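Novice: The structure follows.
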Amino acid sequence: MHNRPRGTVMTGKGKGMDGMTGMPSGFSPASLSSPSFTPGKRQVTLKSPIDCVGHGLHSGAPARLRLIPAAPGTGIVFRRTDLGFDIPAAFDNVTDTRLCTLLTAPDFPDASVGTVEHLMAALAAQGIDNLLIEIDGPEVPILDGSAAPFMFLIDCAGVEEQSESRLSIKILKPVRVEAGSAFAELHPAESGFSLSLSIEFDAAAIGRQALTMTMDTDNFRHDLASARTFTMAKEIEAMRAAGLARGGSLDNAIVVDGDQVLNPEGLRMPDEFVRHKLLDVVGDLAMAGHPLIGRFVGHRTGHALNNRLLRALLSDASAWQTVSANTMDWLSAA
């Protein structure tokens, strides 16, 4: 992989941020500030629009992303401004899960947007229910390969409550999907949302890692947001031959070669790999359309299995119910 700028971020007022590094001025993955607003029982959107310019990890294509406040009940909707199509961020609009999550417009297969999971994870963590996401290309900018820049964007734009109550999806019975030794499960819980994930890779630099956490805004911000996507050095050429990883670099992905991490700066935390995989889980499950009340357990899961889990859950009417946010408290940091 090669070194290249990661992008430029601007506020809704057009204030430029650090284009030399590609990160917002004042942004540091290790020092994300705590939000001044904690989502409550009502739906939430942004206070003001905010822009982000960068390039796609897999397509390598430049893209301008604009996050725009939306009315209650809108949900999260991507709009391909170059094509004129809206793509709701819904589990049943996921059409490809090779190394990222790709959404496609229901009635127009040529209108898609990929690598949505990091942005979706940040939106879920900050409790954003309604948002229009304008993008002029096929892929969300990768920025530094984590969700931290998107958390910073949301902080800059600010968030506000709306008039309508938030709904959530309560898990009523266990649901499991598996593929070989990998599996993903959802279990009932009285309140909140927790996650447990284990991973296992042949590369000695990763090996076996596991993490369990209770999901709330602060935990995501401090424990998951800055964890970067990763790949194996031996897989890069094959990915590029398949049309993937064209925008990848050591600036936006961890590259592992056996027992070595090739990035000069090393890891942000010793178990950054499992933290990023758990970040992906949060982003993929956000496409349920509402926050979940329950418990996630997974082993060696990825985008495909995460999406299969949502499809299995929501296709079984006896496995879930929609409830008022009055019973859901996972977004409130204890």
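Just so you know, the numbers here start at 1 and follow the chain as drawn.
Using the three backbone atoms N, Cα and C, a Cβ is placed for every residue, glycine included.
Per TrEMBL, the features are:
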- HIS303: active site, proton donor (ACT_SITE)
- HIS118, HIS276, ASP280: Zn(2+) binding site (BINDING)
- 20-39: compositional bias 'Low complexity' (COMPBIAS)
- 1-41: region 'Disordered' (REGION)
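Tell me about the setting of these features in this model.
Specialist: Sequence-distant neighbours of HIS303 (active site, proton donor) (same chain, 6+ residues apart, CB-CB distance under 8 A): THR97, LEU99, CYS100, THR101, GLU117, ASP280, ASP284. The DSSP secondary structure for HIS303 (active site, proton donor) is helix.
All protein chains considered, the CB of HIS118 (Zn(2+) binding site) has 32 other CB atoms within 10 Å.
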Novice: When you measure from the Cβ of ASP280 (Zn(2+) binding site), how many other Cβ atoms are you left with inside 10 Å?
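Specialist: By my count, 25.
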Novice: Identify all same-chain residues not among HIS118, HIS276, ASP280 whose C-beta atom falls within 8 angstroms of the centroid of the Zn(2+) site's C-beta atoms; report them in sequence order.
Specialist: GLU117, ALA121, SER146, ALA147, ALA227, ARG228, THR229, LYS277, LEU278, LEU279, GLY283
Novice: Could you list the residues of the same chain, at least six apart in sequence, whose Cβ is under 8 A from the Cβ of HIS276 (Zn(2+) binding site)?
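Specialist: Same-chain residues close to HIS276 (Zn(2+) binding site) (Cβ under 8 Å, separated by 6 or more) are SER146, LEU224, ALA227, ARG228, THR229, PHE230.
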